[in-house]
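The structure under discussion appears below in the form of C-alpha cells.
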Amino acid sequence: MMDTDKDDLPSATDHSEHESGDAVKVEGGASKTASNSKDPSRPRRKKARRACFACQRAHLTCGDERPCQRCIKRGLQDACHDGVRKKAKYLHDAPDGALVPGAQGNFYNQANGLPKISPTEYTQNGTNNAQQQQQKSGTIYASSTPSYNNNNGTFDTNNATNTVLPDSAALNPGPFTATPASPTFSISTSSAMPSLTQPTNDMTSGAGQGSFGAFFDPSDPALFNFDLASMNFGNRYGALEFGMLGHMATGAGDTPPSDNGNQRGGSVGQRSNSQQFGNPPGAFTTESPSQQSFMFGDPVLNDWSGGQNTNPRMNVGSGLYGQGGGGGGGMHLLQQDAPHAYAIGSNTFASPSSTTSPHATTIAPSQFDDSPMKTKTVISTPHLRQQSLYNSNSNKRRHREPSAIYDSVKEPYSYTGGFHKLIAFIKRRFSPPKTVRIAKALASIRPSFIATTKTLNQDDLIFMEKCFQRTLWEYEDFINACGTPTIVCRRTGEVAAVGKEFSILTGWKKEVLLGKEPNLNVNTGGGNNTSSQSDSTSSSIRGGAGGRMRNQEPGPNNMAPVFLAELLDDDSVIEFYEDFARLAFGDSRGSVMNTCKLLKYKTKEDMDSVNADDSRWNSAMTHHIVGKGGIVGEAGMNRLGFKDGRVECSYCWTVKRDVFDIPMLIVMNFLPHI
C-alpha cells in the first residue's frame, strides 16, 4: 500500500488505492475513510499541463510544480521531470521542449533553490558560479528541451522563455546574430564573451545562461514579439511556426529590393573583411567584436530583405544591430522606431567594388529622403522590376487616359463590312482551290458568330468596341516592352496594333498597317520570276482589299487597315485560318505555334531595283545581313528576305475573347529564322 497524504486524493486510474469506503493508514497510525471520487463536495484538483515521467507511467495525477509532491514523497525529486507525450506525425521533427502549450510550462522550478547570479559572475569559458555550486551539490535537473553544441561542450535552453532582454542587449548583442528560420546554431568561443551591463530576470537559470544560449534561442518567442497565448494553438511549436511565417511576410511587399549597397541597412548582418559569402543561410558564427556579423549567402534573400523603404518605421538601418562605435547618433534615433525584438530588416550587402565600410554604419539622413532626385536603384526581383518599369514609364507614356476611350467610342465597329472586304480580297488573290479551303474554315465558325451576336443590341455592340479599345490600350505597353515582332489584329484579320520590331523585320510602316497612309505594296509572295504576274494582279489586289487601287490618288476614303492575309504567303494564310477555326471558340487560353513566311513591303520601284541588282545582292548584301554572331543591327534585320520578298519565321498566336465570349483580337509574335 502506497503512502498518501491527507490532500493526496486518488485519481481515476490509481490502481494502488482502494475504492471509496476502504480504510487506509496515514502517518499518525489512525485509519481514515478515503473521499468518494464522485462526491460533489470533494475539492477538485487543478489539472496539470503535463505530468512528470513517474506519474505518467503510474497513471497518477500530477501537478505543475517540479519536483511534484508525489515525487517528493517517494524520494524521486531529483529525477522528476516532464514526461514525453506521443507526438503527431507532423511534429516528429520538433524538439520536445517546443511542444509545451504555455510559455513557462516546464520551466517552473529550474532555478528554484539556486542563488541569484550577478552579471559579473559569468566567466569566459561559458560557465558561472551557480553551475559550479550545482555540480558540487550533486543535484541534477533534467530537461526535455534540446541542447546545442559549442566548442566547450553542451548547453541547454530550458529557460529561453524566461529570459528578458534588456534594451542595451537587445539593440547591441555583440557578435551574436540569429536567423529566425534556423532551429539550430553553433557558437565559436575563440574570443572572450562580453560581460553584461544589466541583470536579466531573477528567475534566470544558470544552466540556460551559461553560454548565452538562451539569449539567441530561435525557439524563444520573446525574440520576435510573439504572443503565443493569443494564437489559439494547441501546442507551442505550431504557434511559433505560424507566428514566424507571419513575421517573415510582414512588410515584404512594402520593401522594394535594391542592389545599391549604400541604400541597405544591416539589421541582419554586415559584410566582414574576412568573410563575405562564407556562411550558409542556416548557420551563423561568432567573430571578434571588431568584426561584423555573418552574411547570408543566398542572393534571393538579399533581394528580399534589402532595399529602401519609404516608411521610416521599417527603415531601421544598420544601427539596430550594429557593432561599431560609430552608431551612437543613429542608435538614439532608432530606439523609438526600431522593433523591440529581432527582425529581418534591410541589409548592407555591398558588392566587392563598393566603398561601403566593413564596419558598422549608421543611418544617414539621406536614407529617409523621399526626394525624386536621389540615385535610381537597380531592382533585380522580376515582379518589382516590372512595377518599377511601369512607374518610370508612366510619366512619359500615353497622352490619353483610359477614361478617354469610353468617351470617344460612340458607334460599334462594323465587323460585317470587314468580313465582306476580307472575302473579296481572298477571291481576288488566291486560286479557287485555296479560296475554297479558306472559305470552309470561315464557314465552320460562322454559325457560332451568329449565335453569340444575335441577342446583342446597339448598346452591347458599343460596349464590345469599348472593351476592345480598352484591351488594346493595355496591349500597347506589352508591345512596347516586348522586343519580339508583335502585331494585334481584330477577328476579321485587320491590323489594330503593331510593334516597332515587326516594322523593322518586314518593312511595313506602322502608319500603312493601321490604314493611316496608302498601301502601295505589290508583293504577293510570287518571287522574282512572277513579277509580271504581280504587276498584273496588283490593281485587283488593291481593289479587293478595301478599295485601295494603286493607280488611284491617296485619300482618306482609299485607306484602311491592312489584313493579316496581306502579310503572309498563300500557304501560311490557309494554315492560319484553319487553325483559327479550331481555336476561335475552342480553348479560351489556347495558343498555336507554327511556321510561316512573312511578306516584305515592296512597291513597284522596289521590285524593279531587286531585279536589276540581283548580281550585286549575291556578293554584297549577304555580308551586311548575317555575320558570325547572326543579324547585325536593325539594318541586318530589315535585310532578311529582301531578295525574294519573304521572311521565314516561327510564330505563336492566341485569341483574346471579350465579355460575350466572342473572339475579340488576335495577338501574334514572330521570330525570324536566321
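Using N, Cα and C of the backbone, Cβ positions are placed for all residues, glycine too.
The stretch that Swiss-Prot tags with region 'Disordered', taken from the ranges 189-219, 344-374, is 344-374. Among the ranges 52-80, 458-486, 487-515, 632-660, the stretch that Swiss-Prot annotates as DNA-binding region is 52-80. Helix first, then strand, then coil: DSSP counts for the DNA-binding region (52-80) stand at 14 helix, 1 strand, 14 coil. Per-residue pLDDT, averaged over the DNA-binding region (52-80), rounds to 88.
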